[in-house]
Amino acid sequence: MPGTAQEKLARSACQFLASRLLYWQGSHTTTRQLLAKRHFHATPTASVFTAAWIPSRVKTPWVDALAQSRDEQARGKSAAGQQLPPKPDLTPKRMSDSYFSAILPLAQDKWLLDSYLNASGRIRLGTLFMDLDTLAGVIAYRHTGDSVTTVTAAADRITLLNPLKEICDLELSGQVTYATGRSSMEISLQVAKAPVNGEKVKSEDLLITCAFTMVSLDPATKKPIPVAPLVVETEEEKRLFQKGEENYNAKKALRKKSFLSQTPDESESNLIHSMWSKQILSKMTSTAAIENSDARTMSSTVLKSAMIMQPEDRNRHNFMIFGGFLLQKTFELAFCCAASFSHSRPTFVALDPSTFENSVPVGSVLYMNSLVAYTEPLLHEDGKGNSKYTKVHVRVDTRVRDVEHATRKSTGSFHYSFIVPNKVQVMPTHYTEYMMWLDARRRAQELDPIIASRFTEDAASARMDGVTE
Ligand SMILES: CCCCCCCCCCCCCCCC(=O)SCCNC(=O)CCNC(=O)[C@H](O)C(C)(C)COP(=O)(O)OP(=O)(O)OC[C@H]1O[C@@H](n2cnc3c(N)ncnc32)[C@H](O)[C@@H]1OP(=O)(O)O
């Protein structure tokens, strides 16, 4: 179709809006009516996006994508092999080139709010996480251009900072904060109470901060390819870039820290031995004893789910499932797991570094396995004694199998932290569980001090009164 790059982008935006709104409100309303509603409004800083804030998450209707793929298969690989290799745009970019912000008008539109609220009228964080992954994709493509395939490699951290006290319009924004010319980029995002009259977001109005790692792939070979490096100019940009570099190195180190390749250190070995011996001595592993205490065995916390992956949840590359969908589903399972464990309504605090290890193919069966991996009593404000709240870490391991169940592939692990309003404790009882417990404990200890300082009794009760899950 003819048109400038900006026109194409705006057209793409309309397509996405149409598909997203159909998803939101069922298929009774026509696309034209839905487009007329224009739920998302671009802010002045994102002038390209005149009709919607997110460009098309999918480019081709499924029926056409399927026909095209069958046609290519019938013609053999030679036809695909004849495609010209992509020419990624490697011109250095500024952070501001990828900056994007948009308003989600939850206070203005009750129908839009419908798909963001849970039964008790709180904002469904899983739905916001899905939007955040899309926003990370939009920002990544603003940096790389459209000639590459960009995937979410990891959700580095999602932190809920200040609980919302009332439903309000939200501003979602972000930019590429680290890219050096290798294949990955760090995208930093935030969700805040939408500022009025163009004011700057106040720190107390910040709801969520998060970072995603996006990786660009060659569309034909699906191998990582270089992306444009960042040009860093201002002091603030230098600070963000340096933080991005630290995060990049920390993520690499974390990947090497797996208990599959690294044994527990001396203090960890001593700790698990003392836990194990206490269990034996107090006969904690006997069901009767456990039922009468705050402790539950880790195996009793397991909650599983299986789902078939449908095309409507695919990403713009057609044959793989959208990362945001996986975030939403793993979050909701983790929430249920923490709820059934604690017999209470958990409040989300953070998603710890979590990876999208392999893509989830459309048509496959996704298995999600959640369990409470670690618990820690919260401290009183004065740092002494235990409060009635517990910090609960839930781990969700995902894997896919084809429908015939002939293949099996791990697709990533997701780590969620919640606060629950009672005293509960999880007890590992065999070696694999002890390793998962230690892994979650390491994650808890590596929490950003900003987040750790929010694990206090006062902060917990303020969160319970908020309007987010
Ligand atoms: C102008 C045009 C506008 C167009 C407007 C379009 C708008 C459009 C909007 C919609 C946008 C929606 C966007 C959704 C995007 C998905 O929804 S994608 C779906 C979910 N994600 C997936 O399926 C990914 C699955 N995972 C994978 O495929 C592989 O693990 C990966 C990510 C390719 C990495 O593979 P690998 O074998 O580990 O590769 P490797 O060479 O070792 O590492 C490659 C890079 O990844 C990094 N990496 C690997 N693992 C990790 C990890 N765990 N953590 C962090 N980094 C990692 C490495 O550090 C390396 O980075 P560099 O050092 O090169 O910088």
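Glycine is no exception: its Cβ is also placed from the backbone N, Cα and C atoms.
Mean pLDDT of the predicted structure over the domain 'HotDog ACOT-type' (102-220): 92. Taken from TrEMBL, the feature domain 'HotDog ACOT-type' applies to 102-220 (among others).
The domain 'HotDog ACOT-type' annotation in TrEMBL covers 299-424 (among others). Per DSSP, the domain 'HotDog ACOT-type' (299-424) is made up of 26 helix, 61 strand, 39 coil.
According to TrEMBL, the region 'Disordered' annotation covers 71-91.
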| Per DSSP, how many helix, strand and coil residues does the domain 'HotDog ACOT-type' (102-220) have? | 28 helix, 48 strand, 43 coil
